[in-house]
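Visitor: Dropping the structure in here first, questions after.
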């Protein structure tokens, strides 16, 4: 029974990695169907670990750039590029669509229509530029202060921001019944709770490196960002979509980093 549960969790992790990235993920055990979408009510528990693993190449890039003595901002930009590449800018695309739709539309229907438009408007461009600069400068600063702490900040941001995604996914109704988020279903409370526990474990090395107050403030900032953005999404379009969830990942990652630096 324990072995079967482990095989199911491995299959969930494989499906989550394929869903959240473009990485060539091999089959994770005999129960892992490499062509299937994740079974969200259960698989959401593995999103934080998937985010941690997706961020691993970026953490190594940051460590290498910092060790080589590259300028802080360039180091941070390389980290962000290495975070975006494995996902195919999946979450940044959601941020861009959300920025244009939530700010630019006058009605719920118009906002949802704008969010489906692949063209980038003024608000989308600003959101992408600002979020990239904030994350890059923050990662560069953290890696300059302490390369080891910076590496774990990259990994922790990947995990915590995916926990924010599934929390908002579970908390808000689907704004678009025919969207991908609606077709996959919503994470159940147990999956979110397990995901939270996994996130705590993944973040556990960080307090020893940056101090508990910094990590606590970073988590609080990420939580507040998720709450505020979730409230905005509920007000503007009545709930969440895949774009809203992608934007949540980027926004909470940035908020987490700001909190870390304020209390550092």
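Even glycines carry a Cβ here, placed using N, Cα and C.
TrEMBL: automatically predicted annotations, no manual curation.
Small disclaimer: the values here were computed from a predicted structure and weren't measured.
For 47-67, 73-90, 120-145, 151-170, 214-232, 244-263, the entry in TrEMBL reads transmembrane segment.
Just tell me what is around each of these and how deep it sits.
Guide: Counting same-chain residues at least six beyond the ends of the transmembrane segment (73-90), those with a Cβ under 8 angstroms from any Cβ of the stretch are 20-23, 54-55, 57-59, 61-62, 65-66, 132, 135-141, 143-144, 154, 158, 246.
Within the chain carrying the transmembrane segment (151-170), a Cβ under 8 angstroms from the stretch's Cβ atoms is held by residues 20, 40, 44, 47-56, 58-60, 62-63, 79, 83, 139, 142-143, 181, 186-189, 191-192, 195-196, 198-199, 202-203, 205-206, 209-210, 215, 218-219, 222-223, 225-226, 229-230, 233, 240, 244-246, 248-250, 252-253, 256-257, 260, all 6 or more beyond its ends.
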